[in-house]
């Protein structure tokens, strides 16, 4: 086959370079006529997995939704939740109330949905009613009569006690007096002398003066001591009577209040059939009857004229005294109609698990109690579904460990934020049982890390839903894609797309999908493209979105992020980065590489040079020696040696030293897509045959010489085309690619048009022999039955050169061996001779 025939046979037509679409058109007029697509597009594998996690009732079947951004993961999950769980049991309300016996351990009340707020209001009404009715009871004539009867009965006994004692004291010629002790007075006894009470100390002074009998003084002292002890006993009995009065009055108050309190609490019990509620109300009743003073009016002085206070006035009880009776409704599901679906976009420790807030009282002191316990999204989703972003969960301090602990144990322990400003609270609220399905959305790499290194993750998240980044390019999926575009235009009031517009969007969707038979599943990216195309159409005064608007929007998108590509292109055009696109060179070839960034990737040519010589070092990669290469690149270089040994070293040793490098490359290389390119440069150097610099090459090679597919083929072709266009298209330039990459071609329209005009070419090959013939114009050569290659072919010239290197190495080693042998003989002869004087 002649060179011209080989080029024609391997050259791709312009129709092979992109997706053309159906000839009849995708839409008759515009997308306005297409029914908007609201259903999930593709993702059958992921949908099946999510349904399993949503339907199965066993615990720990939480779901990890894996996939790249923009593939509709969150929207799909929400859609499936709407379909599968639009109806179902509504979760209970959760309330915290005071634990009157141990305030540091608030009680949890679990009530039917919507009953929490009602219970709170009932308790509030109960306390409000008691604030009015208890004072009314205490002010009633019946209560006052019963109270006065108790007081008068006990006070009569107390008066009789004191009267009897006073009579006894008087009969002993003593008198009860009040003595000053500091700022206070206290009762005491004094003997009556000549009708006047006198202190014992005064009598002692009279005895010393001889004016009073010492014997009489001793008698009075003895009687004073006896009566004082009896007085102490009398006062103790009086205090006991006071205490009895107080206890009887409190008992009376309880007896009068308890029937009222029981009637009010029974009304609440009737509406909440719950042991926990009954226990709480019992404790509530006990606390109220033990603190009835809270319900009594306050007596405070009124403001008077000047500095003097006015007469006392009665005020209602202080509201702050009743805060212990408030109900903290943690979760209120009164408006919930189906199992809750909560999307937590900021899963901090506080937002996810709740907290115990600290507040400052009127005295400036920080405190917290059960009223300041706050629930988080985990409780809001209890009985339903919680959607989280995996990266956010793992990067927020303490959240991942807390989430695992809660799901593993099935209970949640609310605590103050351990990473907050304040120290931890002493409150230990009763733990809350939880039962929900957590759906965590993240990328596949994060899933792999968790699955390998976190045993709890494997146990708790049993379901993985993998979202594909591409969909099959079928007529059905194309129609769904058009329906999606129609929906975006309709919902966001965008201009409709005509047939050329939707074709342009579809082409980009297929290019982003990576192959002609695939469509990108990044629908958010397609929605952005539609929005930006609408802006271009409106700016041009158009009434519909056409292909030129879509293409311009895409160019603008690329222009926003491709500054580094333009800088490299400038360096090539200036000659700073040396790339030849014309002429022939021995051992020099244009390889193609891809620069990948988060929002954009582009290709550019790189000059690869090869130098060969006699030696035993084999193939030396300068990148590897300089530690600028990756493992995959190093593997590709080793494959070259395997190919040469298999083809040319069956009858001789491979005595070769070859150095290969990417010229002007300083940031490192990886991947094996340049291995075939390096092999062509190696064969050119060995054969002495020059390579056409107007042809760039990409493709990896195996040890059999077969060309294998690579990634980024579109970017690589477009990158070399830009360089050729800048330096001048000759009509003979082009790119050699693996045939297995033809289905991946979705080239820019400018490249397609250049190929269509014959200004640029794409050749698809299967074997290295095809490539070297295209590059050199010299046949590769097929071996005959004796393994000999036709004279003048590339393989013949390579083999001939390797034979020369092998003979040369053999002769060199032989000569070197002879020199060593002669040197040894001279040493032996010199060693036996006499020394010369």
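Backbone N, Cα and C define each Cβ position, glycine as well.
Small disclaimer: the values here were computed from a predicted structure and weren't measured.
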Stretch carrying coiled coil according to TrEMBL (options 162-199, 200-237, 238-275, 276-313): 200-237
Correct range for region 'Disordered' (source TrEMBL, candidates 780-808, 809-837): 809-837
Rounded Cα separation (Å) that holds between residue 673 (active site) and residue 716 (active site): 11
CB contacts for residue 716 (active site) [other CB atoms within 10 A, all chains]: 27
Neighbour tally for residue 673 (active site), based on other Cβ positions within 10 Å of its Cβ: 28
